[in-house]
Amino acid sequence: MTILVVDRYYMLMNLLFALTCLLLNLTHCFSPKKFNISAATTSDSDWSIAGSTWYGNPTGYGSDGGACGYGNAVAQPPFSKMVSAGGPSLFKSGKGCGACYQVKCTSKSACSKNPVTVVITDECPGCVKESVHFDLSGTAFGAMAISGQDSQLRNVGELQILYKKVECNYIGKTVTFQVDKGSNANSFAVLVAYVNGDGEIGRIELKQALDSDKWLSMSQSWGAVWKLDVSSPLRAPLSLRVTSLESGKTVVASNVIPANWQPGAIYKSNVNF
């Protein structure tokens, strides 16, 4: 008799539960496995925490090119002053030059909470308070603010931000090579810029004019500058093969350095990642 009463009690409770779900249109009452816990987390779940400061002119581009070697190009499109010096974990002894990151601030009233994209163009060797630190240009730091409150945000000076690495996408740009002003036929160095995708360079190789010539590995000189010293004069035109640091993808800029190349000249390829 007791078992019968209990069974009827549970049948009644199940019926009431089903009716409640129908009335409230709670379809997940019947399929709890469809509930995705990730959907209940914040949109910041794929972001990481970093420290940030800014340097240089309040509306400037940090320093003149900095430790990557880009020179005054950082003030012009496509960089457009939206650049940053990186602490050791971002600069990576120069291998981090050209990497693109989205950064945003959410902790201050002047923060827009909207991400902006910056490129690593300089080094901040003393930025070691946090494991990851962006020393942004004044322009980039202010770009994280609500419109009209960039000065207010810069006055904070030091700020905790959120960041994530993103692919670089220099619209309309191809990989560009600037021959170092000190280069000659036996000691050739080149600055590499506007690399899409990873942005970071893992390897540069050079091939001389003849089809039979082999690819020669260049070494990183400093920042985004790579060099090759040879005993016999290089025979131009020269082709350059660029391998990205993270993905390992490769592009070849065939005959990008012409036979009559000049130190300091800029040569644009017709390739990019």
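For all residues, glycine too, the Cβ spot is worked out from N, Cα and C.
The disulfide bond annotation in Swiss-Prot covers CYS68-CYS97, CYS100-CYS168, CYS105-CYS111 and is backed by sequence analysis. According to Swiss-Prot, the feature domain 'Expansin-like EG45' maps to 65-173, an assignment based on sequence analysis. The domain 'Expansin-like CBD' annotation in Swiss-Prot covers 186-269. The N-linked glycosylation site annotation in Swiss-Prot covers ASN36. For 1-29, the entry in Swiss-Prot reads signal peptide.
By the criterion of other Cβ atoms within 10 Å of the residue's own Cβ, the least surrounded of the disulfide-bonded residues CYS68, CYS97, CYS100, CYS105, CYS111 is CYS111. When other Cβ atoms within 10 Å of the Cβ of CYS168 (disulfide bond) are tallied across all protein chains shown, the result is 22. For CYS68 (disulfide bond), the nearest neighbour among the disulfide-bonded residues CYS100, CYS105, CYS111, CYS168, judged by Cα separation, is CYS100. Looking at the domain 'Expansin-like CBD' (186-269) alone, the prediction's average pLDDT is 98. Counting residue by residue with DSSP, the domain 'Expansin-like CBD' (186-269) contains 0 helix, 44 strand, 40 coil. When secondary structure is read from DSSP and collapsed to three states, CYS68 (disulfide bond) falls in the helix class. Between the C-alpha atoms of CYS105 (disulfide bond) and CYS97 (disulfide bond), the distance comes to 23 Å. The two recorded residues, CYS111 (disulfide bond) and CYS100 (disulfide bond), have Cα atoms 21 Å apart.
Put simply, CYS97 (disulfide bond) is 12 Å from CYS168 (disulfide bond) when counted between their Cα atoms.
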